[in-house]
Amino acid sequence: MREPAFWHRPPSWQSHLLSPLSMLYGAVAARRMAQPGIKAGVPVICVGNYHVGGAGKTPTVLALTALLRGQGEQPVVLSRGYGGRLPGPVLVDPAAHGAADVGDEPLMMAAHVPVVVSRARADGVGLAKAHRASVILMDDGFQNPSITKDLALIVVDGGRGLGNARVFPAGPLRTPLPPQLARTDALMIIGRGEAGEAVASRVAAAGKPVFRAQLQPDAGVVASLAGRPLLAFAGIGDPQRFFRSLRASGLEIRAERPFPDHHPFTDGDIKALVDQATREQLALVTTEKDLVRLRGRGWDHPELAPMAFPVTLQFDDETAVRSLVARRLSAARAS
């Protein structure tokens, strides 16, 4: 899905026109969110966001995976597997599954941590525990009430914030903000920007801790791409954020090709990218998530195959994040 431009502008005639639908959608979503969920039997940390689209949940999940392992935990990620055909529950096997089976994000994460995909999230809990999960990390699912969360960590892109702060379809919010704030345990702002700080102020005013983090590119990949004119393409929630990160790393972006989030690349898409790269003598670069969806696709000219631009999340104050996680795990196990 490609987000409408008016979602990220001050309230417009489009958002006003869609307000009645938003009120209905928001009321139903808020009522569903208030339903009780099952107890997983192990602590559950949910990494979610207030709005549809990307905000940096996947790198946050991977950063928390490393933090939890440093505390002696055995995390297992639980994902709905958006874009995959398998309903699950199934343990993702990178050697046997493709993005069309389990979704691009679960497949990408499975290279680093055990990942269970289950369209009905509650059904995936047993499989996660069978693989010795001491903690379940939910990738998304904040608005899904089926599993009780012991820590709900909300991720917001500092540069984008919440757009026009209207509920879908008038804006990007999944439900009205007040019920979401009530269920938020902490906020993580990724990157810098006034839009993110506005969200941080509101969450802090509600008495919830606010953390900050930055996405750091792989230095080796940056060095290998330096000095090469690039054609950058991305099918993620916010392609422009990817393009900005490339430029912020000092790389020369000659052309950009944004695609909708989770875009299933066709042979025509690949041919168009290769033709442009050949014609303009550009190297292709994309995100790790997009490269996962392209895995197994043939390239007539292997030297033109795209290179991934991996990023990792670094907490500004890892000690504070670690302390919150430890307290929440302890409280969950004591209850």
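Glycine residues also receive a Cβ, built from the backbone N, Cα and C atoms like all the rest.
Annotation comment: Swiss-Prot describes H51, V52, G53, G54, A55, G56, K57, T58 as ATP binding site, evidence class sequence analysis. For H51 (ATP binding site), the number of other Cβ atoms no farther than 10 Å from its own Cβ, over all displayed protein chains, is 28. According to its DSSP assignment, H51 (ATP binding site) is in a strand.
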> Including all protein chains shown, what's the count of other C-beta atoms within 10 A of the C-beta of T58 (ATP binding site)?
Replying inline: 25
